[in-house]
Amino acid sequence: MNKPKVSFFDFACCEGCQLQIANMGELLLDVLGAIDVVEFREVMSEKWVGEFDVVFVEGSITTPQAIEHIKRLRARTKTLVAYGSCAAIGGVNGMKNNYKLEDIRKSVYGKDANFFPTVETKAIHQVVKVDYVIPGCPVYLPEVVAVLKAFLAGLPRPVPDNAVCVECKLNENICLYERGVACLGPITRAGCNSWCINHGNICYGCRGLVSNPNTKGAKDILEKYSLSVDLIANKMNMYNKCGENDNRE
Amino acid sequence: MQYNLLNKNQLNDLISFLAREQKVVAPVAQGLNNYAFTEIKNGIQATLNYIPTTLPPKKYFMPQRETLATYDTTQGQNMDPVVEHEKVALFGVHTCDLAGIQCLNMVFSEKPKDQNYLARKNAITIIGYECNAYCDRFASCRLVHNHTPNGGYDLFMTNLGDKFILHVNTPAGEKIIERSHLFSLAAKADLAALERLRQKKREIFEKNEIPIEHEKIPELFDKSYQSKVWADLDKRCVACGNCTNVCPSCYCFDVIDEPNLDLTTGRRYRQWDSCQNETFAKVAGGENFRKERGARQRHRYYRKFRFPIEKFSRFFCTGCGRCSRACMAKIDLKETLVSLIKEQGMENPNAGRQSTIAEKPATF
Amino acid sequence: MNTKSPYQIKIGKILSVKQMTSMEKMFEIALPGEDLSHAPGQFVEVSLLGIGEAPLSVSSSPTKQGSFELVVRKVGKLTGALHKLKAGDEVGIRGPFGQGFPVRILEGNDLLFVAGGLGIVPLRSLINFVIGNRKNFGKVDILLGCRNPKEMLFHEELAGWKERLDVNFNCTVDKADPDWKGNVGLITSLIPGVTLDSERTFAVVVGPPIMYKFVIMKLLDKNIPERQILISLERHMKCGLGKCGHCQIGNTYCCQDGPVFTYEKVKAIGGAI
Ligand SMILES: Cc1cc2nc3c(=O)[nH]c(=O)nc-3n(C[C@H](O)[C@H](O)[C@H](O)COP(=O)(O)OP(=O)(O)OC[C@H]3O[C@@H](n4cnc5c(N)ncnc54)[C@H](O)[C@@H]3O)c2cc1C
Ligand code: SF4
Ligand code: FES
């Protein structure tokens, strides 16, 4: 069997997810045994001119040029994977949508603003059809491998729809609320094996909200713990601003 | 010989003795008044003065993730069932958790039997440990009669202050006593001390924590299916699943296949699942039979207090209080029960008092 | 330790695959060296290693020897993968599971079958069993409904049932297409027209969740006693062993205590339909 031709592209992002993949370590050899990487700017200089079997896209769409580029990529590939929070849910780039586009443009580019057309930040699926989604800032490698396996086997692989708390409890971590710290675990989608909390961090909601979040209930929780609601609203906003566009549709 | 004594300073020796033959797990402090059953090598690591651990000992009977089979499909649908088990001594298990293990035993011994669970259970030695007072305000062990031991252990330790007295319940327990050479026979005075302690406990656990008679609980739930209380929980619950994961008698699971990158080999495993999760009861076509969080909460309560009565003749709530401790929304099991009781006008402030007297003293 | 895992699968060989509609395929499967020995209404857990398992009703009658039939609608991971298989491929089979239709109790009585959509798949097992043992049963009425004519399954078999003098067959579609000559309307519209002796009639109803409430109302209007209305409930299932909890409705495990229940029982469970 021919190994599928895989490529990696990035849009507005920090390239941290690519770095994750490039630094996969031992697993990388297994992965490379199963796929044929034909284009990956972070690690190789070759460019591929033909069709792709699968394109991994990192980053969100923030310019008219990017819209055209992602559409061209979509046309060249059988399968498209949005990986990383920026691509999957808009991620931190979504904070741009808190401001008027004109204001943003001026504050970033100053007097040259007119040379830099810009659009509202969009997650990849808000522009083109996406076949697999791997949220996470950065992506959690075991999940990347799981999605890769699903792709190789031709199977669907939806993002889990239960809370990060589920995995966190299975790992028997001390709940951050007991430390008096606000954590977005209860309303954020699992699938990262509560990676951040295992390492003493809080959940910032980088994987997006569960499909049916009880946001009112989550606010009440903060009040019960005397934590500021603004605090969590900011944390939510940090990764999930673009999600508002999904709800509008 | 039913009762034996262990000197306080020999606890360490007992752990070392056990550790020579198997993995020993005991409650270990994690900070912030959190405890977890963890492997220990010597007695110093264990904490006997603990409130219920974050996860109950069920994780040794049905691990969070457990391989059921491995497979290799190069020659077709070939799978090899896997039964993972190892010798474990569970040290310092409270009576509520003993009850939880008894619940799971009943479920998994029921036909069709679950060989994976049973193999593991058979490899586990249980050394219980008595609570001489309430753990905290979340506990409701008196209500469900789990504040004193009701079997389900090999050895059961009670702290008599200067020494431990151990009840021997099984041949496996007997063996530990014989082979460790650490124990001496309990004298009349020790048994009297145990009886005094139990008497004192009767005073502490004087009546039910919740104003209802044990026997009336099924009736309460028969009347409460349409209660407004569930609508209140619906607003508060965020469906994080903590309450079921930490519950010693929750055992729902999902079965998942995990192929290796070659796509021909891999494993089929089960993983804890929760009726509180959004997708738990969803079927193809999009129908979700417990769509509202309130309905899922109700299901959880009925699975503790109503459904198992018919099938297993016991409550599946062990009174450990874990769900209330773990809930960020502060959904409190005791408060929920009190609300239901008030709604039905079934309050009985002295509930449990008489039955305390009827309780059997420790058998000599 | 020599233990028999309840998760062990048997190898099933696919003898044939038939495309039935755009969404459904029928698989004929044999267990080498043995019969499935199921009762009508029971289901099997079908597995493909690396993909998963799904509960699927046995659609063939137990009177069919040597192989059994499944009809699979493509909705997701496992069902999608099954649709890619062809004759000669293998699947894993566990079961049969659950309580099927109480054939003994039905014997000697009149039967009214009501099937909506995919409900005909398990019901077909019982209908063909009844037809195969026709003299053991009284009057037989079959009512069938589906969304549109394109979704209708088992065309040839339905035609056969329609031809029979000892079976009353009637069907309807929610939405007709230009070629459709039959009834248009919900399945509930067919029930008032059936003549029946409510004392000795058992109604056997299988269909999508929303159908039950309305069909049962009509059957009760016909004075059929609650314990003579049989329904088969679909729930999310994983283990099939009464353990994993997914299929639980109230106090009952649909996989072991069901999927077939009397309406009397279902009403008592609460929250079932
Ligand atoms: C007793 C019983 C008999 C059935 N008989 C048939 C039949 O004869 N033919 C047929 O085509 N279908 C039948 N089904 C439905 C079939 O089991 C589901 O369509 C199948 O499990 C979906 O699996 P999947 O991997 O393809 O879907 P997934 O990719 O897992 O999920 C797709 C959708 O199916 C739901 N789903 C997942 N697992 C199950 C499950 N175990 N049970 C129900 N829904 C599930 C998911 O919530 C999701 O909405 C039956 C179900 C039951 C309970
Ligand atoms: S722990 Fe609390 S918030 Fe979480 S599922 Fe249970 S009741 Fe709901
Ligand atoms: S399917 Fe697991 S309990 Fe019924």
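Numbers run from 1 along the shown chain.
Cβ coordinates come from backbone N, Cα and C, glycine included.
According to DSSP, C:Val72 (FAD binding site) sits within a strand segment. Listed in sequence order, the residues of the same chain lying 6 or more apart from C:Val72 (FAD binding site) and placing their CB within less than 8 Å of its CB are C:Glu24, C:Lys25, C:Met26, C:Phe27, C:Leu56, C:Thr79, C:Leu82, C:His83. The feature FAD binding site is assigned by TrEMBL to C:Val71, C:Val72, C:Arg73.
DSSP assigns C:Cys255 ([2Fe-2S] cluster binding site) to a helical segment in the three-state reduction. Sequence-distant neighbours of C:Cys255 ([2Fe-2S] cluster binding site): residues of the same chain at least 6 apart with a C-beta under 8 Å from its C-beta are C:Pro55, C:Phe97, C:Gly98, C:Arg235, C:Met237, C:Cys239, C:Gly240, C:Leu241, C:Gly242, C:Cys247. According to TrEMBL, the [2Fe-2S] cluster binding site annotation covers C:Cys239, C:Cys244, C:Cys247, C:Cys255.
What TrEMBL records for C:7-103 is domain 'FAD-binding FR-type'. In the predicted structure, the domain 'FAD-binding FR-type' (C:7-103) carries a mean pLDDT of 93.
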| query | If we take C:Val71, C:Val72, C:Cys244, C:Cys255 as the binding-site residues, which have a Cβ under 8 Å from chain B? | reply | C:Cys244
| Spatial neighbours, same chain, of C:Val71 (FAD binding site) - Cβ under 8 Å, 6+ residues apart | C:Met20, C:Glu24, C:Lys25, C:Met26, C:Phe27, C:Leu56, C:Ser57, C:Ser59, C:Leu118, C:Val121, C:Leu153
| note | Taking DSSP helix as H, G and I and strand as E and B, the domain 'FAD-binding FR-type' (C:7-103) has 7 helix, 47 strand, 43 coil
| Listed binding-site residues: C:Val71, C:Val72, C:Arg73, C:Cys244, C:Cys247, C:Cys255. Which have a CB under 6 angstroms from an atom of ligand 3? | C:Cys244, C:Cys247, C:Cys255
| task | Starting from the Cβ centroid of C:Cys239, C:Cys244, C:Cys247, C:Cys255, which together make up the recorded [2Fe-2S] cluster site, report each further residue of the same chain whose Cβ lies within 8 Å of that point, ordered by sequence. | result | C:Met237, C:Lys238, C:Gly240, C:Leu241, C:Gly242, C:Lys243, C:Gly245, C:His246, C:Gln248, C:Tyr253, C:Cys254, C:Gln256
| field | Protein Cβ atoms within 10 Å of C:Cys239 ([2Fe-2S] cluster binding site), excluding its own | value | 28
| Reported as an integer number of Å, what is the Cα distance between C:Arg73 (FAD binding site) and C:Cys244 ([2Fe-2S] cluster binding site)? | 24
| query | Hey, of the binding-site residues listed (C:Cys244, C:Cys247), which one tops the CB count within 10 A? | reply | C:Cys247
| note | Within 10 angstroms of the C-beta of C:Arg73 (FAD binding site), the count of other C-beta atoms across all shown chains comes to 20
